[in-house]
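Database features (TrEMBL):
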- A:25-473: domain 'Amidase' (DOMAIN)
- A:K80: active site, charge relay system (ACT_SITE)
- A:S155: active site, charge relay system (ACT_SITE)
- A:S179: active site, acyl-ester intermediate (ACT_SITE)
Amino acid sequence: MSDLIKLSAAELAAKLQAGEVTSVEVTQAYLDRIAAVDDSINSYIVVTAEDALTTAAEVDRLRAEGVELHPLAGVPIAVKDVVVTDGVQTTAGSKMLEGWIPPYDATLVEKIKEAKLPILGKTNMDEFAMGSSTEHSAYGRTLNPWDIERIPGGSGGGSAAALAAFEAPLAIGTDTGGSIRQPGAVTGTVGVKPTYGSISRYGLIAMASSLDQAGPVTRTVLDSALLHELIGGHDPKDSTSLPEPQTGYVAAAEDGAKQDLSGVRIGIVKELSGEGYQDGVQARFDESIELLRGMGAEIVEVSCPSFTHALAAYYLIMPAEASSNLAKFDGMRFGLRVEPQEGPVTAERVMAATRGAGFGDEVKRRIIIGTYALSSGYYDAYYGSAQKVRTLIQRDFNAAFEQADVLVSPTAPTTAFKFGEKLDDPLAMYLNDVATIPANLAGVPGMSLPAGLSDDSMPVGFQILAPIREDARMYRIGAALEAALEQKWGGPLLSQAPELEVK
Amino acid sequence: MSGYVELVDYDEAVAKYDPVLGIEVHVELGTKTKMFCAAEVEFGGEPNTQVTPVSLGLPGALPVVNGKAVESAIKIGLALNCKIAETCRFARKNYFYPDVPKNFQTSQYDEPIAYDGYLDVELEDGSIFRVEIERAHMEEDAGKNTHVGGATGRIQGAEYSLIDYNRAGIPLVEIVTRPIEGAGERAPEVARAYVQTLRDIFRALEVSEARMERGNVRADINVSLRETPQSPLGTRTETKNVNSFRSIERAVRYEVERQAAILDAGEKVIQETRHWHEDNNTTSSGREKSDAEDYRYFPEPDLVPVAPSREWVEELRETLPELPAVKRRRLIGEWGFTDVEMRDVINAGALELIEETVAAGTAPAAARKWWMGELARNAKEQEIELSEVSVTPAQIAELQGLIEAKRINDKIGRQVLEAVLAGEGNPEAIVVAKGLEIVSDDGALLTVIDETLAAQPDIVEKVKSGNMGPIGAIIGAVMKATKGQADAGRVRELVLERINN
Amino acid sequence: MSTISRDEVARVAALARIELRPEELDRLAGELEVIVQSVAQVSEIVGPDVPATSHPIPLTNVFRDDVPVTPTDRDKVLASAPASEDGKFLVPQILGEE
């Protein structure tokens with residue numbers, strides 16, 4: 001394995017700028033790694049080697065000519081397959097979109113292309129981002145590089161596993177209820193869900209519009225900050241996009257790395273601990289708290305009583321919005337079309353047959369729940385009430401942020417579970433998201449970074465939540481904690497990961 | 001679906017039952033781009049060329065509201081004396097249909113942009129009927145289906161359909177009335193006059209070209225009958241997409257006659273959607289409309305609320321143009337028409353045509369003569385609206401100009417008009433091309449006159465002796481010889497000159 | 001709270017235009033029952049005085065200028081469609097006119 005691929009994106013960028021390596025060398029090293037391990041890990045649905053090398057060669061040429069480029073130019077990146085890419089198959093992990101070649105780019109992809117980051121390919125995910133294990137992909141499950149018997153988290157298991165298996169230095173994820181942070185936690189990588197509206201949703205295949213948010217999937221906090229600044233910012237094509245520029249995150253991460261947190265108040269959320277939280281997860285969390293205290297932070301406990309209802313509200317709002325967002329998958333304009341096996345071939349029956357055959361179990365389950373929650377007679381009791389719970393959760397956040405600058409919790413209650421363990425128990429599966437969901441409901445930013453290994457030698461995630469538009473705070477505190485932990489471990493957590501079998 | 005339908009004579013029906021109307025009018029706004037994306041809107045484009053990922057409902061696409069469309073909606077609301085919402089939202093109306101690309105229509109549900117208004121409508125006898133407006137809200141149009149392979153070409157029996165999404169996403173404002181009560185036997189006229197008045201307002205506001213024949217304005221007409229004006233409302237039917245003023249009147253009439261027959265037979269009217277058939281002036285049953293129709297409305301999460309500031313609303317109110325009813329009162333004074341003349345002009349849909357003709361330089365009386373005379377006859381013969389007659393106000397003004405300059409006479413004028421109607425070009429070009437200009441060269445005329453007089457010496461004698469009677473025959477013969485292209489007045493002068501010399 | 005019958009699932013599946021096999025209907029009826037029971041708590045904890053939040057960040061009046069953009073390439077779009085003819089999307093016969 002080339003040492004190049006163990007470098008962080010920031011380190012790679014520095015070497016590229018200094019002319020110590022070329023983008024073609026870096027990109028090829030990653031493509032070689034993908035060829036060596038992805039048959040077993042299955043992080044990628046599609047690898048776009050040719051396009052990546054073309055971009056890399058262009059970057060090398062421009063750099064040789066002395067053209068000013070984006071700092072990350074030439075650093076390869078992987079994109080979750082829920083993000084639309086012009087001319088490259090985009091499936092969202094569904095059979096419904098097998099072979100669909102979009103005619104346009106998502107805004108964040110336009111930004112990546114403008115900055116000239118070679119795109120390595122499209123990463124695997126739970127179908128339409130519905131799941132916490134990447135077991136619900138129509139393109140096979142992705143394996144956790146720490147233990148191939150275990151899930152890599154979901155829905156963005158492909159992006160997280162690609163980072164953990166050194167198949168990419170950067171990746172794009174999307175997070176509706178934890179799909180960036182939970183895979184980050186269980187694979188020992190960093191994942192950030194920015195403030196709602198910080199990154200354009202234009203070109204993300206929507207699950208739940210009021211909850212979806214794209215974000216960075218990386219191996220270091222600084223890399224997330226770099227990527228966040230690259231893909232963030234106002235987009236006139238997304239009405240819910242924040243009007244202000246998305247900057248200051250890199251500076252915040254660099255500031256945090258100095259490990260001085262004096263004057264910072266950190267709030268532990270009482271409701272996100274205790275029953276259901278694995279001992280090893282709680283222990284690593286507590287140790288991280290001590291490190292933060294050691295850097296001068298004041299630790300307080302805060303209570304957010306409505307968080308106990310967040311899961312229920314989420315499992316009404318998300319499927320309701322998803323049931324409508326996924327109505328367009330009907331076999332009429334794009335993607336799969338299936339004719340009914342018997343009876344007349346009418347548009348109505350073809351739609352039903354297509355959706356019956358094209359959607360997997362979890363997607364059907366959520367569309368049915370959502371349709372039920374919105375249907376007449378139930379709207380007020382379900383969707384309407386859930387939107388009110390959302391208000392309560394926002395109020396809890398507001399009150400908590402009076403007492404603390406950031407809130408913290410374990411990212412997920414447990415480490416990665418084994419394949420199939422929760423497949424037949426949707427409620428148990430949904431519980432994975434209990435600590436990540438409140439952020440989506442309130443729109444606040446959240447980050448997960450590695451906090452060590454649990455008793456089962458699997459990674460544990462540490463979550464930092466900041467107020468709306470205060471993403472910089474979590475970069476600062478995350479970078480501080482990361483630096484302190486790596487000092488303690490003598491290197492990144494991923495250096496403790498087992499070597500993968502290579503072809 | 002065909003089969004014999006029992007009808008009750010209209011007069012009998014309205015003597016026995018009180019009709020109540022409800023009218024939903026959809027107007028396509030004349031914005032350059034669509035409601036939620038910047039795809040260009042232009043009539044008659046190649047299929048699926050006026051689209052973006054948004055108007056095609058492609059995965060990942062997101063809507064953004066067209067500010068100009070909101071402005072137009074507010075103007076319409078103000079013109080209809082509505083309150084403008086302090087804040088309102090879009091909602092998704094979820095239903096599966098192939099011409100609805102997202103399988104939901106982005107519309108407004110419980111929070112329309114304008115509500116609680118009214119429109120005063122002038123009827124043919126000059127009386128005013130007030131129609132209460134419940135709401136006006138913004139939404140988007142659907143694509144267009146073409147049905148292929150069926151025997152009838154209609155939707156039933158078609159083997160497949162082809163869809164063009166150019167129209168999908170065009171901004172619409174839907175205006176919904178409260179139940180229109182008290183129209184009595186004049187219900188068909190009220191319905192027509194209401195939609196016609198709306199159409200005039202849309203044009204005056206310049207929010208839409210409002211061309212019925214292009215489907216810019218579409219009306220859905222709800223009709224129900226009840227025993228007396230005091231009885232509770234009866235079961236209604238909704239006749240969809242009635243697309244001409246004449247049809248609106250006929251559709252109401254037909255539904256009154258049909259429902260009366262059902263009620264007379266002691267049966268119940270079924271609440272349903274009905275389709276209007278232009279060819280035989282009847283409606284037929286569409287899908288039965290049940291209250292169980294479940295659109296699963298919820299606030300559109302991809303859009304943020306619209307909260308028009310009071311300053312903006314007042315600014316727009318300031319810019320409202322003179323509304324048609326006010327304008328009519330003004331024009332009566334300016335044009336010197338009588339009230340009856342003006343009413344006839346309005347009823348014929350000739351007001352704007354005359355206005356434009358006058359603007360192009362023609363005297364009001366002359367403009368009225370053309371539009372209410374020749375052209376009204378032409379429209380009637382073809383069974384089309386006056387505005388659909390294939391001549392423009394500019395062409396009429398040009399034609400009248402030729403007559404006033406004495407380059408042609410009235411008779412030739414009518415001949416030229418026929419050529420214009422036949423699509424042969426503009427009046428002046430036709431006159432030149434066909435050599436229809438009046439013969440004003442006295443020399444040429446005198447040659448003809450001399451020949452005519454030489455051939456009829458007895459008449460010359462009579463005239464000389466003071467009997468002017470037969471002079472008409474001479475003039476007629478000269479006109480005939482010049483194929484009508486001579487100025488009859490000049491011919492008379494020259495004939496008298498010749499005889500008396 | 002109501003219990004969800006197999007018929008109710010079938011009704012909802014029809015609204016959602018998803019053809020379900022009999023065994024799927026059976027399974028979903030059971031699962032939905034459990035899920036709905038566990039999420040039904042939301043209606044019990046909020047009073048009428050709590051406003052609903054539909055957008056996490058309150059923005060208003062986000063409008064676009066009425067200026068056209070280059071349209072999406074029709075050939076690209078139709079190339080990815082299940083069927084097309086004469087520049088239009090070809091779909092099966094449509095019954096039940098709207």
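Any Cβ shown, glycine's included, is placed from N, Cα and C.
Unlike curated entries, TrEMBL annotations are predicted automatically.
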Between the residue listed as 'active site, acyl-ester intermediate' and A:S155 (active site, charge relay system), the C-alpha gap once rounded to whole angstrom: 5
Surrounding CB atoms that lie within 10 Å of the CB of A:S179 (active site, acyl-ester intermediate), all protein chains: 37
Cβ-Cβ neighbours of A:K80 (active site, charge relay system) (radius 10 Å): 31
Mean per-residue pLDDT computed across the domain 'Amidase' (A:25-473): 97
Cα separation, A:K80 (active site, charge relay system) to A:S155 (active site, charge relay system) (Å, whole number): 10
Other CB atoms, at most 10 A from the CB of A:S155 (active site, charge relay system): 35
